[in-house]
Amino acid sequence: MVGLKPPEVPPPAAAKFLSAGTAACIADLCTFPLDTAKVRLQLQGEARIPRTAGAVEYRGVLGTLSTMVRTEGPRSLYSGLAAGLQRQMSFASIRIGLYDSVKQLYTPKGAESTGLAARLLAGCTTGAVAVACAQPTDVVKVRFQASGASAEGARRYSSTVDAYRTIAREEGVRGLWRGTLPNIARNAVINCGELVTYDLIKDLLLREQLMTDSVPCHFVAAFGAGFCATVVASPVDVVKTRYMNAGPGQYRNALSCLLALLTQDGVAGFYKGFMPSFLRLGSWNVVMFISYEQLQRAAVLAWPAP
């Protein structure tokens with residue numbers, strides 16, 4: 001057995017909630033530069049950014065990371081980390097930590113196991129609720145990560161607090177919830193791609209006795225979940241990133257952003273930054289799910305049921 005043993009009783013909802021947020025923060029600390037590279041590649045070539053000879057060009061994951069370090073310094077790789085951690089504590093705690101509880105609500109009474117429909121409904125529900133609560137933190141995170149993607153490279157905000165205050169003052173409170181609808185669509189898809197896929201792969205491995213309920217099993221299930229989530233969510237992720245980073249009046253709505261991207265870059269534009277997205281989501285899922293499983297088990301040991 002690798003890692004802590006599975007508990008005899010399931011952890012309480014509060015333990016899952018806190019474990020999910022903590023595990024997501026650990027995963028963000030490990031993979032944040034990849035997420036920043038993904039945002040830069042997704043924004044590259046956007047119509048509002050002049051394509052001048054002096055404009056910074058990003059090529060591939062490693063090329064983007066090295067270019068950022070060379071032109072903006074190493075700290076640019078973690079620009080927006082504070083908002084990212086705030087996002088995970090509010091966002092992941094809900095969409096991941098409450099998934100099992102919501103899944104049970106959708107499972108018919110007396111059913112021997114949870115069906116695929118109940119899992120998908122639970123993933124969509126927790127993903128949508130999480131976005132509604134944590135959207136401002138996501139907007140600020142993207143704005144910080146996009147700093148330097150413009151030709152002039154001017155930094156918009158001096159701090160995370162200043163970003164919240166400035167966006168609310170200049171764009172109204174609605175500006176903090178910019179891109180909520182595409183983000184709900186994205187996270188409903190990602191939640192199903194991540195949590196449902198992880199759930200199904202893990203159940204299959206355990207049911208067929210291919211692996212035990214330990215770290216290697218969690219690694220395989222998490223890697224598969226990260227790949228599935230990237231494939232299905234990349235198009236909506238690109239639109240979400242561009243729309244949330246846009247200034248007032250640049251796009252009428254998320255649909256106009258989608259059409260502008262399609263007109264300018266074609267279908268391939270929906271998969272801009274796919275490799276960093278996969279590297280980030282794959283590695284993020286591995287770190288998060290392994291940490292999540294272990295933190296839940298540690299919580300049960302530290303807080304035994306009466």
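The backbone N, Cα and C atoms fix where each Cβ goes, glycine too.
The repeat 'Solcar' annotation in TrEMBL covers 15-105, 114-204, 213-298.
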Helix, strand and coil residues within the repeat 'Solcar' (213-298) as assigned by DSSP: 73 helix, 0 strand, 13 coil
Helix, strand and coil counts within the repeat 'Solcar' (15-105) (DSSP): 69 helix, 0 strand, 22 coil
Secondary structure content of the repeat 'Solcar' (114-204), with strand meaning DSSP E or B: 72 helix, 0 strand, 19 coil
Averaged pLDDT score, the repeat 'Solcar' (213-298): 86
